[in-house]
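Enquirer: Got these off TrEMBL a minute ago, pasting:
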type: TRANSMEM; residues: 25-49; note: transmembrane segment
type: TRANSMEM; residues: 55-78; note: transmembrane segment
type: TRANSMEM; residues: 128-145; note: transmembrane segment
type: TRANSMEM; residues: 151-172; note: transmembrane segment
type: TRANSMEM; residues: 184-207; note: transmembrane segment
type: TRANSMEM; residues: 213-235; note: transmembrane segment
type: TRANSMEM; residues: 313-340; note: transmembrane segment
type: TRANSMEM; residues: 352-370; note: transmembrane segment
type: TRANSMEM; residues: 382-402; note: transmembrane segment
type: TRANSMEM; residues: 408-427; note: transmembrane segment
type: TRANSMEM; residues: 439-459; note: transmembrane segment
type: TRANSMEM; residues: 471-490; note: transmembrane segment
Amino acid sequence: MLSEALGDNPAPFIPSKVERSKSRLTSALFAFFTLGWADGVTGTLLPHFQADFHLSFMTSSLFFVASATGYGIGTLLVEHVMRFLGRYYITLNGAFATGSRRSLLQRSSSSGPGATKILAYSASQSRFVTLVLASLLHATFFAIMGSRRGFPSMFVAYVISAFARSFISGGYNNVYVSSTPRNALGYMYGTWAIGSFAAPLVCQSIIAVGVPWARFYCGSLVLSAINTSVIVFAFRPTPHESAAEVSLALQMIRPSQPGASLRSGAADISPSGFEPSEFSRGDLKSTSSVACTNYTKPPLSTGALLRACKEPYVWAFSLFSWLYTGTESSTQGFIVLYLLNTRNANPQTVGYVTSGFWGGMAISRLVWGYASPMITFRQRKYIIHGCILLAMCMHLCIWFVRSFVENAFSAAMVGVAYGPIFPGNLAQATETLPQELHLVSLAIISAFASFGAALFPFITGTLSNIEGAHILPYVTVAQTATMFCLWCFFPSRSSS
């Protein structure tokens with residue numbers, strides 16, 4: 001009973017951040033492994049998509065556009081959807097101690113004719129429902145791809161996958177993982193790369209023995225089922241969390257028209273600030289309407305957005321992310337096609353090159369996640385500079401060394417070099433830009449990264465359609481050279 005959890009005189013208390021910490025962190029890592037599993041196999045399967053559905057290089061590159069489109073739509077909607085899914089009613093029968101919590105997803109007509117329904121917000125409910133629904137939506141990607149219904153349905157599947165990915169990553173990053181030790185984010189993106197490494201390895205192995213590639217996606221539904229089950233087990237709200245959120249909501253109630261009788265009905269959620277007040281049972285009965293303050297994070301102000309747009313470093317970091325994600329997506333997406341067309345690679349083994357790329361990235365990102373708290377601002381800049389230089393040298397080897405084995409090794413080394421670049425870039429931006437602009441600035445940087453992941457693979461596919469698959473190194477070498485020159489102009493000392 002809620003009254004037993006809250007007591008006769010409820011006081012606001014916040015649930016512990018370490019509640020179910022191990023199971024929830026495990027769930028987060030496994031979820032990102034599943035996302036990487038779905039995202040990392042595209043480069044291996046592009047030749048099979050082209051052969052089965054008669055796709056050109058340019059048409060194949062639209063899969064990357066679909067992913068960026070879905071992720072962009074999800075990024076715009078994630079906060080609004082999570083706010084809606086986190087709303088619930090507190091039903092009061094004349095006293096706080098007899099209050100009950102009822103989700104908007106449940107029927108609320110059974111609360112009684114004399115009950116008062118107060119609309120409040122639950123972070124734990126929002127997190128749980130969002131992650132479960134997004135996980136189920138992500139599973140439809142595997143189902144659609146496994147059906148092999150042609151390019152239009154596959155395009156939609158990639159949009160759905162990226163849309164669900166934005167909610168899963170947003171839910172974990174914004175709600176839970178950001179409150180764990182600093183290393184957790186590095187490990188989380190490391191498990192993404194591990195999933196991207198394992199998927200091409202398994203997929204190429206089953207294709208080599210004659211199993212149709214669609215069976216890989218059908219089998220991946222088992223992974224999605226496990227992922228959803230783990231999320232339900234780990235992130236379902238605990239009684240302590242539910243009681244804490246109801247108590248906090250009740251303590252934040254304030255009267256709007258004192259002196260009138262209490263009316264039944266849903267109250268509004270106020271986006272403004274709050275004045276915590278304690279009411280006796282008599283005070284509550286003399287209140288005409290009740291407003292429960294929304295205690296989620298406040299929306300971004302127009303002033304912060306305008307200030308961020310005037311910061312030159314915001315656009316510099318955004319341009320760098322735009323270039324980086326473009327060359328990463330182009331490399332992992334088209335390296336298999338490049339080796340098939342220019343190095344006469346064996347179709348039964350060439351897919352393992354994508355695994356090598358992601359495996360190298362997984363290793364470097366896990367190491368980076370462990371070492372990043374010990375790296376200074378200046379050291380981080382020079383390490384990233386070295387990574388860019390190494391990646392450019394490996395791209396040159398892929399261009400000029402006519403050996404499949406060497407090119408496969410160079411692709412793996414490119415993955416190693418790319419691993420620290422994106423998280424390092426975000427860390428540099430955080431320490432360079434004013435603290436009050438971090439939220440909006442990182443949103444702009446992430447938006448440019450998503451745009452680059454769609455634009456440059458499309459450009460690469462279009463040029464390959466015109467000139468041939470050998471065009472890939474021309475694009476990647478030019479991008480890494482530009483990244484190297486651009487990084488020279490970034491500061492070597494933190495402004496904070």
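Every residue, even glycine, has its Cβ placed from backbone N, Cα and C.
Any TrEMBL annotation is an automated prediction that lacks curation.
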Enquirer: Take the transmembrane segment (55-78) and find every residue of the same chain, 6 or more past its ends, with a Cβ under 8 Å from one of its Cβ atoms.
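Expert: The answer is 39, 42, 46, 49, 130, 151, 154-156, 158-167, 170-171, 329, 333, 337, 446-447, 450-451, 453-454, 457-462, 464-465, 469.
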Enquirer: Counting a contact as 3 or more Cβ pairs under 8 Å, with residues at least 6 apart in sequence, do the transmembrane segment (352-370) and the transmembrane segment (213-235) touch?
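Expert: As far as Cβ distances go (cut-off 8 Å, pairs 6 or more apart), the transmembrane segment (352-370) and the transmembrane segment (213-235) do not touch.
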Enquirer: Take a look at 25-49, 128-145, 184-207, 313-340, 382-402 and tell me which one has the most Cβ pairs under 8 Å to the transmembrane segment (471-490).
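Expert: Result: 313-340.
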Enquirer: Short question: most Cβ pairs under 8 Å with the transmembrane segment (128-145), which of 25-49, 151-172, 382-402?
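Expert: That would be 151-172.
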Enquirer: Let me spell it out: take the transmembrane segment (25-49), skip the flanking residues so only those 6+ beyond its ends count, and list any with a Cβ under 8 Å from a Cβ in it.
Expert: 55, 60, 63-64, 67, 131, 135, 138, 141-142, 151, 154, 161, 165, 168-169, 172, 176-177, 180, 184, 187-189, 191-200, 203-204, 207, 213, 216, 220, 223-224, 226-227, 230-231, 233-235, 332-337, 340, 347, 350-351, 354-355, 357-358
Enquirer: Between 213-235, 382-402, 408-427, 439-459, who has the most Cβ pairs under 8 Å to the transmembrane segment (313-340)?
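Expert: Selected stretch: 439-459, with the most Cβ pairs under 8 Å.
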